[in-house]
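Chemist: Structure incoming, see below.
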Amino acid sequence: MGCGGARRGAWPGCICMYADEQVRAERGGGTGRGLGRERSGTGSGGGAMATAGPRSFSAAEVRARCAQGACLVSCRRRLYDLSGFVRLHPGGEQLLRRRAGTDVSAALDGPPHRHSENARRWLEQYYVGDIEPGDEQSLSETVDEKEASAAAQTPEQTDLCYRTVPVERDLVDWQKPLLWQVGYLGEKYDEWVHQPVDRPIRLFHSDFLEFLSKTAWYVVFMVWTPVVLYLSWVSYTSLAQGNTRLFSSFTTEYSIPVHKYYFPFIFLLGMVLWSLLEYLIHRFVFHMKPPASNYYLITLHFLLHGQHHKSPFDSSRLVFPPVPASLVIGFFYGVLRLLLPEVLGLCVFVGGLCGYVIYDMMHYYLHYGSPKKGTYLYGLKAYHVKHHFEHQKSGFGISTRFWDYPFRTLIPEETFKKED
């Protein structure tokens, strides 16, 4: 959503830069189009274009907006509007709202959490202007939490200001489908894809293919839960007939009967196997580093997982679409049919399918949910966000951290020096 035209409720003259813009602005300082600059016309007659600087805001203006429900923070005089991001904050909404109207420079360095370089780039997307000289000190005092959240937010207050990324400042053209562009990035792809941005992604030219590539979270639950329930009933009733025996294809004398009472344990085995498979796929397939010279492998990587790391809060791309998922699920069912007796393979398969549904729902929740501080999901959410923003080569467990322990890919705990 662009902000080239007039928009009700947006900050006047606001400038928002994406991670790639910030990086390129820092590296290419001689372009005359530095951070916090925009072009504005001098008249309708097509006169000369003038470069206008970022808008300045007084401490009183910032406090007034916070009192209306906005979440504004500053960092060394730079002002950011986090109203649209506050619910997604990994540390929780209330933690961020307590910082509303204050300078967060010290908080970015921790404790309790030292924010990564990617997190600081992410913050730049919400830049709206600068604090007036002399007023920055007054924002170091905490705004009362009740005052910051007293008024209900309106769409005008929470609407973020986005700008179209200029082609010359980004490696891709965001106005066109990305899937066919990323393969040309070559050696720059890996760095680019791991600099997350807060904007939607379009993959295909075809509206039909684009539709198939997007999925609402509840679609996964609605499609696969009935399948899990039906196959569980089929598995249990088949075992109840008493005809299923393990190793019967090798020997009938020493084959082991599989009773219906074993179904819950076989089902759980399938869920455990899925959690291992989830880890292995995430680590060795989704996080493979495609050769810089191979256009097709880069494109495939972006299709499978790179898109998610580039835009981790694109809600339409957080779960696996049912159509391609059915092909992958069918493949694993075929493998189990080859390795195990038919009914036994089905029991393991349905447990694994249930594990997949739980994984997809949990993955969505880790991005968009607000778990209570101190809970298991709260820690898992923080863990997964670290994987996205700082530790892309570790922390591959999503629904559980269990497999990160034996495979030595656990994200290390942060430590801070004690002040004297």
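Positions of Cβ are set from backbone N, Cα and C atoms, glycine also.
Take a look at what TrEMBL says about it:
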type	residues	note
BINDING	H89, H115	heme binding site
BINDING	H282, H287, H305, H308, H309, H363, H367, H384, H387, H388	Zn(2+) binding site
DOMAIN	54-132	domain 'Cytochrome b5 heme-binding'
REGION	27-52	region 'Disordered'
TRANSMEM	216-236	transmembrane segment
TRANSMEM	261-281	transmembrane segment
TRANSMEM	318-336	transmembrane segment
TRANSMEM	342-359	transmembrane segment
Chemist: Let me know the DSSP-derived helix, strand or coil state of H115 (heme binding site), please.
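Modeler: SS state of H115 (heme binding site) = coil.
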Chemist: Please work out which recorded stretch in 261-281, 318-336, 342-359 has the most C-beta pairs separated by under 8 angstroms from the transmembrane segment (216-236)?
Modeler: 342-359
Chemist: Measuring Cα to Cα, how far is H309 (Zn(2+) binding site) from H115 (heme binding site) in Å?
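Modeler: Checking the Cα atoms of H309 (Zn(2+) binding site) and H115 (heme binding site) gives a distance of 17 Å.
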Chemist: Quick check on the binding-site residues H115, H305, H367, H387: which one has the highest count of other Cβ atoms within 10 Å of its Cβ?
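Modeler: Of the binding-site residues H115, H305, H367, H387, the highest Cβ count within 10 Å belongs to H387.
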Chemist: Which sequence-distant residues neighbour the transmembrane segment (261-281)? Criterion: at least 6 residues beyond either end, Cβ under 8 Å.
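Modeler: Beyond its ends, the transmembrane segment (261-281) has Cβ neighbours at 232, 235-236, 239, 332, 344, 347-356, 358-359, 396-400, 402-404, 407.
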Chemist: For H282 (Zn(2+) binding site), list the number of other Cβ atoms lying within 10 Å of its Cβ atom.
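Modeler: Result for H282 (Zn(2+) binding site): 18 neighbouring Cβ atoms inside 10 Å.
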Chemist: Grab the same-chain neighbours of the transmembrane segment (342-359) for me: Cβ-Cβ under 8 Å, and only residues 6 or more beyond its ends, written as numbers and ranges.
Modeler: 220-221, 224-225, 227-228, 231-232, 234-235, 238-239, 244, 246, 258, 263, 266-275, 277-278, 329, 332-333, 336, 398-399
Chemist: Just to be sure I understand the packing, how many Cβ atoms besides its own are within 10 Å of the Cβ of H309 (Zn(2+) binding site)?
Modeler: 19
Chemist: Roughly how many angstrom lie between the C-alpha atoms of H282 (Zn(2+) binding site) and H115 (heme binding site)?
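Modeler: Cα-Cα distance, H282 (Zn(2+) binding site) to H115 (heme binding site): 24 Å.
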Chemist: Reported as an integer number of Å, what is the Cα distance between H305 (Zn(2+) binding site) and H115 (heme binding site)?
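Modeler: Per the Cα atoms, H305 (Zn(2+) binding site) and H115 (heme binding site) stand 23 Å apart.
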Chemist: What average pLDDT is reported by the model for the domain 'Cytochrome b5 heme-binding' (54-132)?
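Modeler: Averaged over the domain 'Cytochrome b5 heme-binding' (54-132), per-residue pLDDT gives 73.
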